[in-house]
Amino acid sequence: MLHASTIWHLRSTPPRRKQWGHCDPHRILVASEVTTEITSPTPAPRAQVCGGQPWVTVLDPLSGHTGREAERHFATVSISAVELKYCHGWRPAGQRVPSKTATGQRTCAKPCQKPSTSKVILRAVADKGTCKYVSLATLKKAVSTTGYDMARNAYHFKRVLKGLVDKGSAGSFTLGKKQASKSKLKVKRQRQQRWRSGQRPFGQHRSLLGSKQGHKRLIKGVRRVAKCHCN
């Protein structure tokens, strides 16, 4: 029969290939004892709790120590040889995660968006100053300066501008042409109505011929001969 000390010695000396990288019950027992001794005072600023219990990483390997000698060596390990590590994503109370703004790099949560075309147009109209009118070229230049491609967004630009004019937000505008006066537009409208109703346009004289022959034209080179009435 084996003695109890012999069994303890056999358990404390695992094979060489399993000495590192595998679970060792003796080392787990000793590590738990050292953990309780180290963390009994106030934890260091970098100390933390992972799963309710602090965990440590021993920097000094225990090669060459077996059995009771390993236990004594573990008990005399200095605190400077133990590094308390952080769990992933955990920080002690009162300590914030260092942001990139503290190092001088400014980060934006959302990418900076360009203002809409309507806002750019309204801003250009509001900033016209003493000028009474704003040309279409000025509006296009303001939109293109914001970052829009006018060659691709020409149709969208006209639609937005027409919508603003219909709402009355941007006043009236002319697309490079002179608007006719109201009196000229009224005369033109009256002429169109007369032509549709069949009335004779203003300034056209009545034919000298009879009403029956008024719309008939005489053929060139043909003369009418006077009729003689014989009694």
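Keep in mind that glycine also has a Cβ here, set from the backbone N, Cα and C atoms.
So that you can see what the record holds, here are the features copied from Swiss-Prot:
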| type | residues | note |
| --- | --- | --- |
| DOMAIN | 113-177 | domain 'H15' |
| MOD_RES | S135 | phosphoserine |
| REGION | 177-214 | region 'Disordered' |
| COMPBIAS | 179-194 | compositional bias 'Basic residues' |
CB neighbours within 10 A of the residue listed as 'phosphoserine', counting all protein chains shown, number 13
Per DSSP, S135 (phosphoserine) is which: helix, strand or coil? coil
Which value does the mean pLDDT take for the domain 'H15' (113-177) in this predicted structure? 79
